[in-house]
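Colleague: Can you read through this structure? Questions will come right after.
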Amino acid sequence: MRILLANPRGFCAGVDRAISIVERALAIYGAPIYVRHEVVHNRFVVNDLRERGAVFIEEISEVPDGAILIFSAHGVSQAVRAEAKARHLTMLFDATCPLVTKVHMEVARASRRGTEAILIGHAGHPEVEGTMGQYSNPQGGMYLVESPQDVWQLQVKDEQNLCFMTQTTLSVDDTSEVIDALRARFPAIVGPRKDDICYATTNRQEAVRSLAVQADVVLVVGSKNSSNSNRLAELARRAGRAAYLIDSASDIDDAWLSGVGCVGVTAGASAPDVLVREVIDRLQALGGAAAQEIQGREENIVFEVPRELRIEVQQAD
């Protein structure tokens, strides 16, 4: 059985930065460090940080006075940010992915102008909640759509003063269909100058398409609440391949590999490489050959952590 690895796969720059912020805060200030929402959507990462002293909460009211608080990579609404700043916290660090912040700024600009804004995204996802929460102009409006059907049912105040933006972790193909519907329904609508779906999401989706051409079965390492990981599994299935979203090697069912000549492995942007290595080990124990990595896009983007954490770590060293 051949084992093919998607390239790129796993951690993106935003996830690397978010995890590093929590790790550095723990190293400098010690436990507990409070984090609003799971810093990234991966069970292994969250459990590891929890064991090291991170406390994951959903409400700012759960954070005691004098504590250190970190916002997750998914971002928060202006209301949550204001609530946190009103508290007597020792330090407040923002681990919001800079590419999510870009979308936040687009929404905030629309709000200031009074332009109605339409967000393409998944209802209930923390990134969507944070992005929707950047709009505060009662004279305008902020709307959420997930499908072309939502677009055709949407009613706005002024069809001549509209813009749209997207969640960063969506399916590129699905989003394109929604954008086409928006442009057909509202010809005057204005989109972002640069796509909001992030480079890592796009690259990993391209890689899984290439993987699905060669593999009989695709394993996606990622947690069930990871939007980008779910999209990878969906893409593989649309390509006609059996695809399974797994948290770890222990989730692999031997029956999935019965009669399989080639298995493809990829990982969502919040899944650490250690989990991929464990999956490879399991596949090789089941008769797999040495893993081969397919060609793909090189990624060299790095997002810096907040200056306070860089300075303090340097001083500690």
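Cβ atoms here come from the backbone N, Cα and C positions, even for glycine.
Per Swiss-Prot, [4Fe-4S] cluster binding site is recorded for Cys12, Cys97, Cys198. Taken from Swiss-Prot, the feature (2E)-4-hydroxy-3-methylbut-2-enyl diphosphate binding site applies to His41, His74, His125, Thr168, Ser226, Ser227, Asn228, Ser270. Among the features that Swiss-Prot reports, isopentenyl diphosphate binding site is placed at His41, His74, His125, Ser226, Ser227, Asn228, Ser270. Summarising the annotation, Swiss-Prot assigns dimethylallyl diphosphate binding site to His41, His74, His125, Ser226, Ser227, Asn228, Ser270 and lists sequence analysis as the type of evidence. The active site, proton donor annotation in Swiss-Prot covers Glu127.
Give me the local environment of each listed feature.
Modeller: The secondary structure of Cys198 ([4Fe-4S] cluster binding site), as reduced to three states from DSSP, is coil rather than helix or strand.
Within the same chain, the residues at least 6 positions away from Ser270 ((2E)-4-hydroxy-3-methylbut-2-enyl diphosphate binding site) whose Cβ sits under 8 Å from its Cβ are Phe11, Cys12, Val15, Val40, His41, Asn42, Val45, Gly222, Ser223, Ser226, Asn228, Ser229, listed in sequence order.
In sequence order, His41, His122, His125, Glu127, Gln167, Thr169, Leu170 are the residues of the chain that are 6 or more apart from Ser227 ((2E)-4-hydroxy-3-methylbut-2-enyl diphosphate binding site) and have a CB within less than 8 Å of its CB.
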Colleague: How many Å separate the two farthest-apart Cα atoms among the isopentenyl diphosphate-binding residues His41, His74, His125, Ser226, Ser227, Asn228, Ser270?
Modeller: 15
Colleague: In whole Å, how far does the CA atom of His74 ((2E)-4-hydroxy-3-methylbut-2-enyl diphosphate binding site) lie from that of Cys97 ([4Fe-4S] cluster binding site)?
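Modeller: The separation of the Cα atoms works out to 7 Å.
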Colleague: I'd like to know which of these binding-site residues, His41, His74, His125, is least surrounded, judged by other CB atoms within 10 A.
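Modeller: Comparing Cβ neighbour counts within 10 Å for the binding-site residues His41, His74, His125 gives His125.
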Colleague: Cα distance, Thr168 ((2E)-4-hydroxy-3-methylbut-2-enyl diphosphate binding site) to Cys97 ([4Fe-4S] cluster binding site), nearest Å?
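Modeller: Cα to Cα, Cys97 ([4Fe-4S] cluster binding site) and Thr168 ((2E)-4-hydroxy-3-methylbut-2-enyl diphosphate binding site) are separated by 10 Å.
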